[in-house]
Amino acid sequence: MYSDQFDIDTLNRRRITESMTHRDLPELSPLDIDEERNEKPWQKILNQIIKNRSQSMKSVPSVAILLVVGFYLILGYLTQLIEDDMPRVITKKDVQDNDIIFSEESAKVYLDQVLGDQPRVAGMEYHYEKTKDLKLLLDTIVQQATIPIKTDWQFVSGDYFLEFKIPHVNLYRNLSNIIAVLEGESGFYKNGTIGTSLLVNCHYDSVPFAIGASDNGVFCAVMLESLSKLSKRKHKLKHNIIFLFNGAEENPLQGSHGFLKHPWVQGVTNVVNLDAAGMNGKPAVFQVSDPRLISVYQSVVPKPNAQCFGEFLFKTGLIPSDTDFRIWRDFGDIHGLDIAFVKWGNVYHTRNDRPELILDGVIQNSGNMLLNLVKELADIEDLENKISPTQVVYFDYLNLFLLTYSISVAQIVDILIGLCAIITVLYYLWIVGYRLSSVLDLLSSLLGRVVSAASGLLATVLLVLIMAITTKQLRYLSKPWLVVPLYWMPFFIVSFLASINYEATSRKCALNRSLHTLQAMASTRLLLGVLLIILSIFPSLTSLRYVISVPLFVMSVGAMVSMTVVKYCRLKAWQHLIMEIILSVPCTMFIISLSLRLDAIMLPTAGRLPTKYPDYIVGGLNLILAVLFSTAVSGIELLLSRRRLWLPIVLLSSVCVVFMFTPTSVYDDLATQRHYWFHTETITYDKNGSAINYKSGILITKQDAYTLTTVLPALQHAGISVHNVTDIASDCERYVYCNMPLYRPRRDVLFLYTDPPATFEPEPSLTATRSCSDNTCTLSCVMTGPQHNTLTFFPLYGVNLTRWSFSSPLEVTDQFQNRNIYVITEATCTYSKILAPMEFTLTFNVTKQQQTEPLVEISHHAHKIHHPEEFTEEYKKFINAMPKYFNIASTLSVRSNYMF
């Protein structure tokens with residue numbers, strides 16, 4: 001195909017000349033033909049085009065591939081810098097008393113006061129102390145305000161059915177929420193309710209054994225500073241703004257549900273929900289249910305950060321987390337924006353979520369965003385009324401601008417972009433001539449694109465399988481850049497070689513290198529255009545299609561430029577290569593930006609997935625991203641020479657092999673290994689109340705690929721010998737949830753037999769009295785336990801649970817042995833020295849013969865989730881024997897199995 005032989009060139013010239021003469025020129029008389037010296041201008045242009053097409057080109061030396069790879073690596077680094085760019089920090093000196101300007105320095109003062117120096121676990125004494133401090137902070141802001149602010153410390157109890165991974169009743173008692181309302185023109189009513197209001201929500205509680213600086217202290221501090229600034233305005237905004245500091249999000253999602261019982265909620269029309277699944281970077285909009293709010297965000301936020309693929313990740317369960325946005329949407333019919341920090345996901349819910357790791361400018365950027373957003377939202381008349389939840393497509397380009405449009409518009413846009421891509425293919429065919437041979441050559445090139453990508457995919461998949469078996473997985477936790485040599489580069493190397501080989505052995509066509517490159521690019525756009533049109537048929541993929549349509553649109557625009565230049569100008573191969581690289585920059589930077597954001601979410605997530613081979617998930621994701629990137633540069637390899645090609649290929653391959661198979665550490669100071677340990681005892685009672693089974697020890701659940709394989713070697717290294725089991729099949733066959741202090745099935749566990757935890761005060765207990773009438777029996781139950789408890793109800797065969805005293809509807813959580821399981825999680829969310837027992841009733845439908853027999857098996861799991869002061873010396877010895885990279889969240893637990 002790249003032959004410089006005279007006979008092929010001559011044949012090519014004749015074919016193109018003949019084709020172009022018949023197609024583009026008016027029919028000439030013999031006299032016209034004889035007057036070649038007197039050519040018209042359009043004839044000269046045509047002759048030059050014909051000459052350009054057929055003339056052989058000197059290829060770019062193969063070593064240039066190293067420069068191309070280096071360029072795109074630098075481009076990736078620059079894209080990362082753009083993603084991480086933060087505004088200048090505003091200090092107190094920069095702000096006058098009446099300026100409505102956010103100051104990071106002031107917000108950090110609030111942050112220190114919100115956080116304190118310990119975890120703020122709902123129900124614990126320190127949580128209660130920080131709740132009082134937060135109320136005092138708000139009262140101080142009220143005293144300095146020029147616009148009225150009303151505050152409230154809400155105490156509330158309730159329950160609801162949470163349909164998440166393991167659906168269950170989520171019950172809370174004596175929950176604390178701290179609320180401040182900045183009065184707007186809509187104001188307050190005499191009956192205690194308020195006018196139209198915008199809700200802004202954060203949570204000030206934290207998970208055990210984590211300070212929770214980012215999750216969610218930063219946004220609480222940002223809300224305090226924003227309230228302080230807005231309260232000093234001269235004029236009221238149109239709508240009230242409710243600043244909700246909810247006290248029990250981590251329980252999970254109890255504080256937000258509790259607020260729905262407050263009279264002020266009746267005026268809420270929209271919500272801005274603030275949370276974190278990481279630290280640093282720009283907070284990302286990742287869920288939108290009211291398009292009006294994303295439109296305002298689009299207009300007022302100078303550096304928008306929003307990608308709607310986040311909604312897809314949440315809906316599919318790829319991200320094992322949730323936010324209060326679910327409660328506002330599903331239980332309050334309140335819609336708006338869900339915004340969260342997502343970078344540095346390795347620190348999420350670990351000891352590293354501490355304030356000193358927050359980078360300068362992060363709080364300033366978040367404050368600028370929130371202050372401008374809520375100020376504008378609360379002053380728009382259009383937000384007076386609620387609207388039905390509406391899905392929209394939204395995405396930003398490198399934090400420079402944001403595009404958003406409706407689902408119906410998205411379908412039209414995607415189809416039009418697909419058609420535009422096909423039009424660029426027709427333009428290419430017009431350049432080379434509408435002939436059957438041109439179409440066949442194009443289809444052959446399309447097949448070559450598919451074969452090249454498939455070859456790269458297959459080879460990389462094989463390498464991923466080999467690496468997962470022979471080397472350490474999860475190495476990207478501490479070194480995220482490793483995805484490039486582990487997944488991206490092998491794909492590109494094999495695809496490159498497959499493309500070169502295919503073009504050298506496939507159908508010959510009469511095109512020089514430039515036109516041959518354009519042909520490959522046209523076939524790629526044809527493939528993507530058809531694919532996009534097909535995907536437009538499926539509404540469920542609407543929030544993902546822009547990942548293809550945006551690059552395809554940019555590629556199509558660049559292709560029109562490229563093809564026009566090649567048509568009218570004679571370019572050397574190196575000139576054409578540089579032009580294509582430059583034209584690819586907008587498209588490749590968008591794809592790199594998407595890749596950086598997706599990997600920022602999914603790489604740390606792989607570190608908390610209890611799967612054997614997390615690298616399969618991460619490798620698969622990055623292969624998809626690499627394929628998408630390859631479409632933006634597809635074809636430029638045809639401008640390179642095959643001479644000495646092995647030199648750069650061997651060099652790049654060697655680098656990849658070194659990174660693939662050189663042992664490196666998986667964890668470090670920031671990328672810790674997550675551990676959830678339960679120091680537990682389990683007691684099983686028969687129907688007479690006699691204990692018939694007992695065991696105690698430390699239950700360790702699998703959190704990543706290596707959780708269960710790192711504990712025993714650490715104990716052996718410390719000289720600790722302990723009886724342990726990993727096979728719990730017998731318990732899983734007999735007991736609900738394998739007789740573990742959990743309410744979800746976990747078979748991948750390690751159990752170390754030890755002495756029991758320290759005695760609980762008060763001692764966990766569950767009593768029940770029975771009363772029967774006709775075919776109905778009612779159990780009146782009293783449960784005593786710590787601040788956090790779980791109950792599982794397991795009716796016996798022939799017994800149906802028909803009613804209970806909880807306000808939630810009677811819903812089945814799961815089934816086991818063809819019997820229904822019902823799960824209740826309970827939390828007392830505000831500290832009290834004396835915990836009141838919980839009383840409830842269960843009503844069963846039973847036959848007369850069964851009324852004297854046991855009706856139900858009930859398991860009571862009593863949990864102390866943050867009581868390090870109650871660790872036994874033996875348990876402390878086990879913890880201290882673990883490596884520093886362990887991040888251990890310890891729960892003291894007693895599971896009691898009853899039969900009533």
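Yeah, the Cβs are placed from backbone N, Cα and C, and that goes for glycine too.
According to TrEMBL, the protein has these features:
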TRANSMEM  60-78  transmembrane segment
DOMAIN    177-373  domain 'Peptidase M28'
TRANSMEM  415-434  transmembrane segment
TRANSMEM  446-469  transmembrane segment
TRANSMEM  481-500  transmembrane segment
TRANSMEM  520-538  transmembrane segment
TRANSMEM  544-565  transmembrane segment
TRANSMEM  577-596  transmembrane segment
TRANSMEM  616-640  transmembrane segment
TRANSMEM  645-662  transmembrane segment
DOMAIN    671-898  domain 'Endoplasmic reticulum metallopeptidase 1-like C-terminal'
Leading stretch by Cβ pairs under 8 Å, where the reference is the transmembrane segment (520-538) and the options are 446-469, 544-565, 577-596, 616-640: 544-565
Reported mean pLDDT - the domain 'Peptidase M28' (177-373): 95
Maximum Cβ pairs under 8 Å to the transmembrane segment (645-662) - stretch from the list 60-78, 446-469, 481-500, 544-565, 577-596: 481-500
Touch test for the transmembrane segment (446-469) and the transmembrane segment (577-596), at least 3 Cβ pairs under 8 Å: no
When counting Cβ pairs under 8 Å to the transmembrane segment (577-596), the leader among 60-78, 415-434, 481-500, 544-565, 616-640: 616-640
Of 60-78, 415-434, 544-565, 616-640, whichever stretch has the most CB pairs under 8 A to the transmembrane segment (481-500): 616-640
Contact between the transmembrane segment (60-78) and the transmembrane segment (616-640) (at least 3 Cβ pairs under 8 Å, separation 6+): yes
Cβ contacts under 8 Å made by the transmembrane segment (616-640) with residues that lie 6+ beyond its boundaries: 59-62, 64-65, 68, 72, 449, 453, 456-457, 460-461, 464, 468, 476, 483, 486-488, 491-492, 495-496, 499-500, 503, 513-514, 516-521, 524, 528, 547-548, 551-552, 555, 573-574, 576-577, 580-581, 584, 587-588, 591-592, 594-595, 598-599, 602-603, 606, 609
Distal contacts, the transmembrane segment (544-565) - CB-CB under 8 A, six or more residues away: 308-309, 312, 393, 395, 397, 410, 413-414, 417-418, 420-421, 423-424, 427-428, 431, 518, 521-522, 524-525, 528-529, 531-532, 535-536, 571, 579-580, 583-584, 586-587, 590-591, 594, 628, 631-632
